[in-house]
Amino acid sequence: MGQFVQYLINGVISGGILALIALGIVSVFKATKVVNFAHGHLILFGAYFYFTFAVMLPEAAFMPDWVRSWEPEWLVAYRADAPSFSPKAAIASWISDVPRILLGLAGALAANALLALLIERLVMRPLLGQSTFAMILSTVGLIWVLEGSAGLIWTAEAEQVPSLGPNFPIRFELFGANLFLFSGSLFNLLIALALFAALMLVLRYTRSGVAIRATAEDQSTAYAMGINVPRVFSSAWLIASTTGAVAGAILATRTGLSPAIGLFGLSVLAVVLMGGLDSFAGVLLASMLIGVLQAMTQWKLGGEYAEIVPYVAVLIVILIRPHGFLGQEEIERI
Amino acid sequence: MLTIENLEVAYFNAIQVLKGLTLSVDDSEVVALLGANGAGKTTLLKAVSGLLPLENGAIGEGRIRFQDQLINKTPPHELARAGLLHVREGRRIFTEMSVEENLISATYALTGRDAQPDFEAVYNYFPQLKDRARQTAGLLSGGELQMLAIGRALIGQPRLILLDEPSLGLAPKIVDEIFDIIARINQEQNVSILLVEQNANAAFRIAHRGYILEGGKVVLEGSVADLRRNPDIQTFYLGLGDQEDKKSFRDVKHYKRRKRWLA
């Protein structure tokens, strides 16, 4: 039982990251009806941007020392009596990293937003009015453009980037088993869920949310009613790229920087299909299920099966429910 | 209010739909636009409201002016914000949202204007909508959907409404009810209305002037009183038939059936 809870926790934590990635795919799809195959590579860029602004830039000669490592006197005093590997030491080292974490996040968000606006403006906007299939295929082409240019710009691989939250092991006992998790992972999960919840609330309860949903349902009618549809499109890409930047930063802290992040992001598309391309709630459900299922397979069958089993589950769900768990068929009036 | 001169429209640069159409709508006037399927009525409305480029259509020759501004290339949302609202064929309600949210989505037409959305005014014209404000719009009846479509346009405090076949698929009693309200809106809100219809009887009941469209051109225009007296209109649009011979339409010789304005 204790083991089960341990793997449940691991599953929920990876599910949270899946959900954060899926969020970007769903928002672009809802607003523009385009399935963005390149979302994983947008995340890859987010990860590299985070690395650039949180690691490379602070180490540049012209940056003041406190950006690289902030050591105010009270922090030195606080750290002095903390044993190594204690939560206190972890928090202290996190605080001295805070300036470059913030710089990294701000830089990654801004740079990724700019990248998405460029893509939207130069690739998507000219295709407005054409079939969405043309747009979808051009996102497939973007995968290689982005992957190739990332390889040209950044040569770093498996670099260490600072974790977003203080990272220390939390140990506790449940059902007679010793469980543990990293506070950093918990912090990441909270960020992912907070972003997810914030977006859902905005969509459900604000006027801008209504504009986005109206555009999602009928672009030309929304346009004729005074909604600035091209702007809704760019905001959807903005949401996807900024949440993607956060996801990229989280992935980089978990597994290190590598082009594999892009492929991992692409595989999340399967999770999105399972939940329903146009349903945030369905996608959250699917992300959690896949995360937990993956952790459970890892526990019972081992790592190699953990790569396969979740995707078989996705396949089965799509065979039974082609729209995914909560994907909407058009409401028919009876 | 709205003037259209020699308008030519083609889809895919190949299929010409409007071939030099001229038409005007004056302040606080209801103008009916009648014509058979494929005459170009809906295309005309899309050309005016800026939706053509989304469907691979383009304006070739001709000028469209709204309140003395040339609007050939103005994007749809700016037209809505200037008070030109298009109620599209088939209502095009956002079915997954509630009635209220449909009206909220319409408030974007007020952007840049110093005006507050007046939901109560809409509910006064259409009390049924108020009872169903929180319901999913996809579950409304056909008549209520049309009311909501007109209500959305009203939220934008329009100067001109383009109404595309409001009677489509509705029972005669509901058609009368809705057309009465359209007439009231025209008088009380001082809105001009360009009304596209197949149901000539209903349209003539509330219109001041009318145009007959055929093959992308205006073939006949005049006051509603004049149009009602025209024998061809009586035969082909009002279903009165020639008064002297009461033969079945099937028995009339083909060349006699041919409309006079084509001769």
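Start at 1 and count along the chain as shown; that gives each residue its number.
Cβ atoms are placed via backbone N, Cα and C, with glycine included.
If you look up TrEMBL, you'll see A:6-29, A:41-62, A:101-119, A:131-154, A:174-203, A:232-252, A:264-293 marked as transmembrane segment.
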- State, in range form, which of A:6-29, A:101-119, A:232-252 has the highest count of Cβ pairs under 8 Å to the transmembrane segment (A:174-203). A:6-29
- Message: Please identify the stretch among A:6-29, A:41-62, A:101-119, A:131-154, A:232-252 with the greatest number of Cβ pairs below 8 Å relative to the transmembrane segment (A:264-293).
- Response: A:6-29
- Select the range from A:6-29, A:41-62, A:101-119, A:232-252 that forms the most Cβ-Cβ pairs under 8 Å with the transmembrane segment (A:131-154). A:41-62
- Note on the structure: Same-chain residues at least 6 beyond the ends of the transmembrane segment (A:6-29) with CB under 8 Å of its CB atoms are 35-36, 39-40, 42-43, 177, 179-181, 185-186, 188-189, 191-193, 195-196, 199, 236-237, 239-241, 243-244, 246-247, 250-251, 254, 265, 268-269, 271-272, 275, 277-280, 283-284, 286-296, 298-299
